[in-house]
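Trainee: Straight out of TrEMBL:
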type: DOMAIN; residues: 137-389; note: domain 'SAM-dependent MTase RsmB/NOP-type'
type: BINDING; residues: D250, D290; note: S-adenosyl-L-methionine binding site
type: ACT_SITE; residues: C343; note: active site, nucleophile
Amino acid sequence: MTPAARVAAAIELLDDILAGAPTEKALTVWARGHRFAGSKDRAAIRDLVYDAMRRRRSLAAIGGAQTGRGIMIGLARADETDLESVFSGVGYGPAPLSDEEKAAGTAPSEGAEALDCQDWLWPEFKASLGEEAAAAAMAALQARAPVHLRVNTRRTTLPEVQAQLAAAGSETQPHPLSPTALEVVSGARRLRNDPSVLSGAVEFQDAASQAVSDLVPLPEGGRFLDYCAGGGGKTLAIGARVRAELVAHDAAPRRMADLPARAARAGLAVRCVEPGNLASEGGFDTVLVDAPCSGSGSWRRDPQGKWALTPERLTELTALQGEILDLAARHVLPNGRLIYVTCSMLAQENGAQVAGFLARHPDWTGTVTRQFTPADGGDGFFFAELIAP
Ligand SMILES: C[S@@+](CC[C@H](N)C(=O)[O-])C[C@H]1O[C@@H](n2cnc3c(N)ncnc32)[C@H](O)[C@@H]1O
């Protein structure tokens, strides 16, 4: 496919996504209907769609229309691509710009529009992080997320992995957020099938997710419960650092389906417990609640989520977070730790949850809290440690 034909495909996909189709599903359906598109074409189109979605609002302003075409005109203008060579109408490329389209488009207004944030959310971010940090975080969310790896230091070392990956064509460098983290500088696409990934010596994991896992206190030989384990990325990171009994739980147990096999590859044993069966498990030294949240810290990877969040959904999420914290607290041993983590940067989901929990449980103590934002080089994450009476 020509670059222009890829842009035409991205326009079609963006229109479906703006009409409500989930991005990944839209890409899959498109690929099925366009078998002639090779893997390089699909990857390029995917990049165009995600780049456009991250900057959807500012690009629509620059392009002059809230449509797939308007957004892609905006992307071409913002990136100073030669507009006429792409929008030429030649082959399968998009039609040339009309006179109205040529005249349309303005610079995005300062604040929410320029930063690609919803209007109602921008004051929330400013109140949560302070104006300067909020602007830096939102600006970071406009760009592609870097690819990070976690090295399983029980199995190998960072320099060893770096040398192996370099020999196979992927350059990496240590990431300052965690001693186990590598940032992939080049050759990321080939990594999925790299022997180090397939063998469990290395996992894909955001550096801030690793930093948060590094902060989780757990005594050697202790009992650890990951209450919202999902795929178990944090369980595996914590298990690689501390020898402990690892138990995983999730309200949707299917999400943990691959966890025992991934753990075995990493040289760990993780026991998955069905919801409802936790009562007979006894207490844990550390219970981690990696709560369902807005995902605002990881909107680079899920830009559609940035535009889909509503005040009502945020209220629902904060209610659920409080309920989960209260339930998870029941499984913490006396003087044990309840760790609250979100991949959000919104105070309602973070500091306010900790304050709410401490108000409901005055005999507990709150200690460390940390807020990571994408401006720190990884996803946005919040961490809080609560100590049981
Ligand atoms: C942020 S994700 C967890 C990600 C995971 N810890 C990781 O590092 O890969 C949140 C998880 O919470 C689960 N969840 C939602 N409601 C829950 C509840 N009431 N009790 C336990 N888990 C819940 C979801 O199914 C989801 O897998």
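Here the Cβ of each residue, glycine as well, is placed from N, Cα and C on the backbone.
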Trainee: If you count CB neighbours within 10 Å, which one among the binding-site residues D250, D290 has the smallest count?
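Mentor: Result for the binding-site residues D250, D290: minimum number of other Cβ atoms within 10 Å at D250.
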Trainee: Determine the Cβ neighbour count for C343 (active site, nucleophile): the number of other Cβ atoms within 10 Å of its Cβ.
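Mentor: Taking every protein chain into account, the count is 27.
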Trainee: Is the residue listed as 'active site, nucleophile' helix, strand or coil when read with DSSP?
Mentor: coil
Trainee: Do you know offhand how many angstrom separate D290 (S-adenosyl-L-methionine binding site) and C343 (active site, nucleophile) by C-alpha?
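Mentor: Spelling it out, the Cα of D290 (S-adenosyl-L-methionine binding site) and the Cα of C343 (active site, nucleophile) are 8 Å apart.
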Trainee: Between 0 and 100, where does the mean pLDDT of the domain 'SAM-dependent MTase RsmB/NOP-type' (137-389) sit?
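Mentor: A mean pLDDT of 96 is what the model gives the domain 'SAM-dependent MTase RsmB/NOP-type' (137-389).
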Trainee: Return only the integer: C-alpha distance in Å from D250 (S-adenosyl-L-methionine binding site) to C343 (active site, nucleophile).
Mentor: 17
